[in-house]
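Novice: Taken from TrEMBL, the feature active site, proton acceptor covers Glu1262. The feature [2Fe-2S] cluster 1 binding site is assigned by TrEMBL to Cys47, Cys52, Cys55, Cys77. Annotated [2Fe-2S] cluster 2 binding site per TrEMBL: Cys117, Cys120, Cys152, Cys154, in sequence order. Sequence annotations record features per position, and here TrEMBL assigns FAD binding site to 261-268, 351-355, Asp364, Arg426. Residues annotated as Mo-molybdopterin binding site in TrEMBL: Gln768, Phe799, Arg913, Ala1080. The substrate binding site annotation in TrEMBL covers Phe915. According to TrEMBL, the feature domain '2Fe-2S ferredoxin-type' maps to 8-95. Annotation comment: TrEMBL describes 233-418 as domain 'FAD-binding PCMH-type'.
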Amino acid sequence: MSAGKRGDTLCFFINGKKVTEDHADPETMLLPFLREKLRLTGTKSGCGGGGCGACTVMVSRYQPATKTFTHFSANACLLPLCQLHGAAVTTVEGVGSTKTRIHPVQERIAKAHGSQCGFCTPGMVMSVYALLRNKPQPSMDDITQALAGNLCRCTGYRPIVDGCRTFCQEANCCQANGGANCCLNGNPDEPEDEKPRLFKEEDFLPLDPTQELIFPPELILMAETANPETLTFHGERVSWVSPTSLEELVQLKSKQPAAPLVMGNTNIGPDMKFKGVLHPLIISPSRVKELFEVSETPQGVWVGAGCSLSELRSLLEKLVPRFPEEKTELFRALNQQLGNLGNQQIRNVASLGGNIVSAYPNSDLNPVLAAGNCKVVVVSSGGRREVPLNQDFFIGFGKTVLKPEEIVVSVFIPFTRKGELVRAFRQAPRKEASFATVSTGMRVFFSEGSRVVQDVSLYYGGMGPTTVSAAKTCAAIVAKPWDDETLSKAYDILLDELVLPPSAPGGKVEFRRSLTLSLLFKFHLEVLQKLRETNVITDELPEKISPLPREIQPSLQEFQAVPKDQSAQDPVGRPVMHRSGVSHATGEAIYCDDIPKTDGELFLGLVTSSRAHAKITAVDVSRALQLPGVVDVVTAKDIPGKKFRPMFGYEEELMAETEVSCVGQIICAVVADSRAHAKRGAAAVKISYEDLPDPIFTVEDAIEKSSYYEPRRWIEQGNVTEAFEKVDQVYEGGMRMGGQEHFYMETQSMLVVPVGEEMEFNVYISTQWPTGIQEAVAETLGISSNRVTCHVKRVGGAFGGKVTKTGHLASITSVAALKTNRAVRCVLERGDDMLITGGRHPVLTKYKVGFMKDGRIVAVDIEFYANAGNTADESTLVAEKILLHMDNAYNIPNLRGHGAACRTNLPSNTAFRGFGVPQGLFLMENMVNDVAAVLGRPADEIREINMYKGPSVTHYKCEFSPDNLHRCWDECKLKCDYSSRRKAVDQFNQQSRWKKRGMSIIPIKYGIAFAEGFLNQAAALVHIYKDGSVLVTHGGTEMGQGIHTKMQQVASRELHIPTSKIYISETSTGTVPNTCPSAASYGTDANGMAVKNACEILYQRLEPMRKKDPKGCWESWVRAAFFEKISLSSTGYYRGPDLYMDWEKKEGRPYAYFTYGVSCSEVELDCLTGDYRTLRTDIMLDIGRSVNPSVDIGQIEGAFMQGLGLYTLEELKFSPSGLLYTRGPSQYKIPAVCDVPLQFNVYLLPDTDNPHAIYSSKGIGEPAVFLGSSVFFAIKDAVAAARSDSGLVGPFGLDSPATPERACLACSSTFTQKIATSEPGSFKPWALNL
């Protein structure tokens, strides 16, 4: 509609350079403009919806009225380009680079080991940089708030926080840098005993604010021009108007009442992007001064509706100290909600008016504004009117009483009166950066000296399609004394008044209903407290509920120093920074989608099934082919080679032809000249289906219909049936464990480039298995592997999710490249990635355990059922690994396990860090907990009694020594002061009714390497060039685990040269063929030995040169060797151990060795809401002699946090028809900074070695995931304490993840007991229970 019209010229600055755009498209966000138009690829795309922070930039503006500059962080993925007229944008490239100088923020995050895969690092840098521009000496609280909107899947956040902590005033104490020997402890100076540290703060560059980019003077002049003009921009489908006066805005809106007003684009943006909503005209009122005016009156304050939530927050913070406390009750309640609403980047752009009129049902602000008697002024061509914010204002989902042409100009926030109290409460799936499950605003007014209620208002969000008022409940409280009796009647009325049907959207119905009561109870306690403080009442008060602790404490990372006689040049065993750490922090590190576009390159968009089990009756691509930019459609008919990928005895279709078996299965693909055109083309393809009967979604359905992938395995030691007859007690139980999304920060990305002759292809891809991709592409195209070269520079996180699924996507992309004879790029959007690629297997288990009164477990029979999804993938291997690890650390004489991978109509699940072990061990530990609960004994005692002792044999007849397991257990108990803290927890629980603490200590025995022996081999290729520089290539891919850094250390030691002379460019099938996947925690073990082998050969070849010229240097020996015609290139090879498992004989040696560890965690739980904080975690791991302690500790912390997410936070929700609801960070919560244990200590077991791996080290990538379960069991311990207050003892069910919902309901408080549960089967639930 708007294409072809001439618009205004957009003018803004990026990194100090002027940018003018004559054809700014309103649908273009800043992110693609930076990445594709300006080639500034440091700003990453992680989710596209403002939820992950990977695209954070800093926006600066000049305020002519005050002649000041504002700097704020924002998400480039939601910032419309057209909104940036007159702004100065700073990206990570503008902060610092290795070519000029790096900025202290970049240096500190890199050198504190705060980057692993590095994909989230530029966003982290920008969030902290924007903070420092406003506050050069921030507090710890400022830093954690600044980072709250940035997600990281690799590090576990601790090193990022530690690096940034060095900017704080309170950080200049040695304790803050992990120094155990703090000066505050008054210990004498003994430098020779100083413990090694991960980084030295004293070496950092100081922060120098004078070095920052200045604000462009041209923009100051532009902002000060007397009469700004209206700006209009026309795009392909959308026009954008930015008026300059209220009068003009009113005229525009009266002519175009349906056109949305866009300020922060945090509401309209995601709607247009994810829901396909199209607005032909967008009005941007950001230059209308009247919308930003603030004025005070004796009754309160008027705030312009255009003010951002951050501006509102700082305004309220300034107002509170200026007035008596009694007048600022509402200000303080609003401020509290603003601290939790969205994240810093969202609050910096989202407006107050937008927040009100978007009328979200679970809005955080609207219940408080309504309870506080706020009102808005609206204008239209019909004039100006005041509208109160009350129950009549919100009339439906996203709808208010305002007419389409009316504009909210200002919001009135009144002062409170003496005797008036306002409070706000919320509960959300994650403590920060998360939509509320239930939010409230509550106000009560007493006349002076009385406890009789004059007026009360209670508003709730999340309890229906709108913000709701509990008017009947209020009527029951008014004119009554505020006491337990009045309130207990109010609870019953409230329950009847706020009803949710059992199939209400969003689910969690019982939890939401119980929250309405428990949040009112919290208000009740606060009111009593206040009445007591003002001497209105003298009653004995129930406990005061203080908020959960949130201060992050300095933590310890203990590792062994290298031997005193080790050469200073030898880097092995030292905490060397990730070799790309600085490049990550400057945005210079290149990922797959950062590769520049080639001429004629096309983009691939996938068309996926919208049905779970159906026949395809027709595929109509005609509409798609007519759309602008669409070049072609690729279907299964275009595949010249194999249309299937063979997977462990099954075949997986690349593109469905006749039938679909899950929502999200790929049917065809659209290729177009841009991402946007490919996406629109894919949406225009019409698929017709004929549904097939009885889709299978849950494990129970699969068991009932015997829907399994073969082989199903079982294993037994001893005689379980006989043993059950001889035990003192038998307990039968079961539990359910949810799945997990990989949520690698870089989504599936690939670029397939036809070379142009002899069917040769270059594949640039983000994968863990280059050879697997090479084979998949070759077989799909019907060509030989030598025509396909696969290149992997680095991977932005993988965790098992970039092995098989990536092969399918690469195959489809290569077919498109073959068909069009052009380069084709495929980068999945986060929602598609989550929908298509599957994740960790949900597992259902049933068990029977027989034990003696003294705590010895004698017989166990367990059945494991994994939900594999619609294809086999690696699911049967996952089921096998579950069985091989089910004993964990316990010697159970009679043990039997059955494992099955269930075939269902959900997207196929795949490998995920731990590969079934986190599920199998978790279910065993839960069973041990149940035994302890039945016997009424502490769980750690039962664990100790049953642990392997002395020379031991596993249930698959493999011998091992558990000595280091016991050392880890004893050391961990000692380091974490277990017994005295356990007593303190019990004491706390006796004194506290509504908050409980829990503590748990959990061991692990984890088998390292591939049970399929052939996968343990590795190769390397090392070149020495004539100038003495060395190029190393090996078969491992760098995905954040630091393998390239460790290989550099290996080469440095073996060649006796500094790491600066060694470079690793990429992993390529053209240099090292037939590689195995980087997986199973075996990457360093295998590739390290191969690199070592190659370097030893080369060092040996140089021996004659060294003898001839002993005083020479490395360079002279290398030059001499060349002239002596000695080869300076060598391959290296490592066979790997011959591991196997014989399932017929039920015996084998599937693992090279075991990694042992123990984790102890303590939590504090709010029983009324289910919220918890991990107060402290101590991890002790035996990883042999670490090749690189900083990398290994980073792996441990990152794995632990991923486990914490798995067991307590991350929930995949599917609709009853099999559609994944949770397709992005706004619905699916991975751990954020707020979830890190407040004290997070990691200790590497000293004085230990491992003859089975390089330099006596051990594999470490996966084991610590399971240790995250120590937080789950600590929560369960706290829940047990709460239950005992209600008279409930003994074992109880708590499925994983232990979300606030599950924890709260399990506490079984007086409030949850009031909620009637709906009979399963009597209604259609909102989501499947997997």
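Cβ coordinates are placed from backbone N, Cα and C, and glycine is handled just like the others.
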Novice: Residues near the Mo-molybdopterin site, Gln768, Phe799, Arg913, Ala1080 excluded, by Cβ within 8 Å of the Cβ center?
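Specialist: So the extra residues in range turn out to be Ala798, Gly800, Gly801, Val803, Ala911, Phe912, Phe915, Pro1077, Ser1078, Ala1079, Gly1261, Glu1262.
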Novice: Where Asn355 (FAD binding site) and Cys77 ([2Fe-2S] cluster 1 binding site) are concerned, what is their Cα separation in Å, rounded?
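Specialist: Per the Cα atoms, Asn355 (FAD binding site) and Cys77 ([2Fe-2S] cluster 1 binding site) stand 19 Å apart.
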Novice: Mean pLDDT for the domain 'FAD-binding PCMH-type' (233-418), as a whole number?
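Specialist: Across the residues of the domain 'FAD-binding PCMH-type' (233-418) the model's pLDDT averages 96 on the 0 to 100 scale.
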Novice: Taking the Cα atoms as reference points, how far is Ala1080 (Mo-molybdopterin binding site) from Met263 (FAD binding site) in Å?
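Specialist: Here the two Cα atoms are 48 Å apart.
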Novice: What is the separation, in Å, between the Cα atoms of Leu261 (FAD binding site) and Phe915 (substrate binding site)?
Specialist: 48
Novice: In whole Å, how far does the CA atom of Cys55 ([2Fe-2S] cluster 1 binding site) lie from that of the residue listed as 'active site, proton acceptor'?
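Specialist: One finds 29 Å between the Cα atoms of these residues.
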Novice: Would you mind sorting out which of Asn267, Gly353, Phe799 (the binding-site residues) have a C-alpha within 10 A of the one on Cys154 ([2Fe-2S] cluster 2 binding site)?
Specialist: Phe799
Novice: Whose Cβ lies within 8 Å of the mean position of the Cβ atoms of Cys47, Cys52, Cys55, Cys77, the [2Fe-2S] cluster 1 site, other than those residues?
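Specialist: Filtered neighbour residues, in order: Leu31, Lys44, Ser45, Gly46, Gly48, Gly49, Gly50, Gly51, Gly53, Ala54, Asn75, Ala76, Gly123, Arg830, Pro1225.
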Novice: Given Cys47 ([2Fe-2S] cluster 1 binding site) and Arg913 (Mo-molybdopterin binding site), what distance in Å do their CA atoms have, once rounded to a whole number?
Specialist: 22
Novice: Spatially, and counting Cα to Cα, which of the recorded positions is closest to Asn267 (FAD binding site)? Options: Cys52, Cys152, Gln768, Phe915, Glu1262.
Specialist: Cys52
Novice: Here's one to test understanding: among the binding-site residues Cys52, Met263, Gly353, whose C-alpha is closest in space to the C-alpha of Arg913 (Mo-molybdopterin binding site)?
Specialist: Cys52
Novice: Using the Cβ centroid of Cys117, Cys120, Cys152, Cys154 as the reference point for the [2Fe-2S] cluster 2 site, which residues of the same chain not in that list have Cβ within 8 Å?
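Specialist: Along the chain, the qualifying residues are Ser115, Gln116, Gly118, Phe119, Thr121, Arg153, Thr155, Met745, Gly796, Gly797, Gly1040, Gly1198.
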Novice: Work out how many Å separate Cys52 ([2Fe-2S] cluster 1 binding site) and Cys152 ([2Fe-2S] cluster 2 binding site) at their Cα atoms, rounded off.
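Specialist: Cys52 ([2Fe-2S] cluster 1 binding site) to Cys152 ([2Fe-2S] cluster 2 binding site), Cα-Cα distance: 8 Å.
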